[in-house]
Amino acid sequence: MATATTNRLSIDKDNFDTASRGGTPRDEEVVPDGEYSQERKKTLRYKILRVLWDSLDKSPEERKFINKADWWIMSYICVAYFVKYLDQTNVVNAYVSGMKEDLDMKGNDYNLLQTMFTVGYVLGNLPSQLMMTKIRPSIWLPSLELIWGILVMAMAAAKNVETLYVLRFFIGLLEASAYPGILTLLGNWYTPQELGKRSCIFISSAFVSQMFSGYLQAALYSGMDGKHGLRAWQWLFIFDGIIGIPVCIYGFFAVPDSPANSRARWLKPEEKAIAIARMERVGRKPPGKLTWSVFRDIATSWPVYLFSIIFAAQLLGVRICNYFTIYLKSTGRYTVEQVNVIPTGGFAIQVVTTLFYAWLADGIRRREPSIYIASTISLVGCIILSIYPEHNHAAMMAGWFLAYGEAGASALIMTMINELLSFSTEQRLVVIGIVETFGFTMNAWVILLTYNSGEAPRFKIGYEMAAMFFAIEIVALAAIWYCARRWRPGPKA
């Protein structure tokens, strides 16, 4: 069975060459099994269905495997990242729902709270990626999620902002494992043709989480504030921590590590053979030994530098969205419930645009156009915020909502890394960790200089800096496109 499957999933060298230069393969189909004739493949219906989902022209065995992998892997990573983002972003909802007043927070306290999280995130990012070469992701990722969930619940007991600083630091340290670890996991199991959609579906769960957090805080404020001696913002931390416990338990069974060493009980031997053959077909190597030569190859190649720049620019640009809630509260126009609910419209925009970018990228087999569109939309929004006076409320609201249009591009940026470095699992793992570390290192101090909560509703420096970062993202993407077209990757001798 394994031999027949491997033969059917033979390597297409031209596809590998295309994927290694940062594109997606022109044609990843397995040998036709007769279900779809060449005539049917020319029909409009077939072409539309293939764009909607990518397993249509696979063999029945491979389609069955992909569906099963989607069920286990995608269900876990989406729910886990949903919970992760609840735990990461609940601070802003708590801040505008009484925490600021109860803990006597002033001036830059909110920014410092975010910075403490970021410092922990920066320190934990690369070490977590390196630990995944020693400890199975199926153990590492769920275990850290369980611990940070307990720390989130502990935030409800905080009596001063200093306690929150400490807790947020350690939450950031542990949460640093999630984003790069999950993207590395996706790169272990999915081909370039499949990776864009699934990366963007995964990142969309973060935006759904932020929507849910707003609705949850609004509901807690109206129904639970003062119950059992706890304020609504304290209940938010408790609820968010409890939600994550069953997800962690599920992760121990759902995460399959990599095809070469998976011990997942849901994966049959013949399905494991399919997974290995699929990765061989696109030139993606199984995990090997992490040596100093890996770091040498990374340091002497361009991807780690240009991707660090584009990811940092993207991250710093979209950080403007974190201040929409504070802007709404500072206007004095809205109730606490409305301040929590209105930004969910922005998160809805992020979900829709992210999925659009994914399907466009996979449909045309290129990542760059989607990222260009995303960064341009948010650039226009930030320009509007920069040039219109704050009393022009309609223009300001339009600018804010346009600024939400770029967030989904981060998944496509990481997808490009997975594709470009498909020849080395170790390089993929380390470069993703370095890129994330650099981005959040920049985020830790730049945000303090660009956004002062006391200046709301007019973050003039922040608006202009966000526009600049989106412009840098566009330029960096052009540089990546130029270099990728001329690059012949592979381990150096």
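Placement of Cβ uses the backbone N, Cα and C atoms for every residue, glycine included.
Keep in mind that this is a model prediction, so the values were computed, not measured.
According to TrEMBL, the domain 'Major facilitator superfamily (MFS) profile' annotation covers 73-488. The region 'Disordered' annotation in TrEMBL covers 1-33. The feature transmembrane segment is assigned by TrEMBL to 139-158, 164-187, 199-220, 232-255, 304-328, 340-359, 371-388, 394-417, 429-451, 463-484.
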For the transmembrane segment (199-220): best-contacting stretch of 139-158, 232-255, 371-388, 394-417, 463-484, by Cβ pairs under 8 Å: 394-417
Listed stretch, out of 232-255, 340-359, 371-388, 429-451, that has the most CB pairs under 8 angstroms to the transmembrane segment (164-187): 429-451
Stretch-averaged pLDDT - the domain 'Major facilitator superfamily (MFS) profile' (73-488): 88
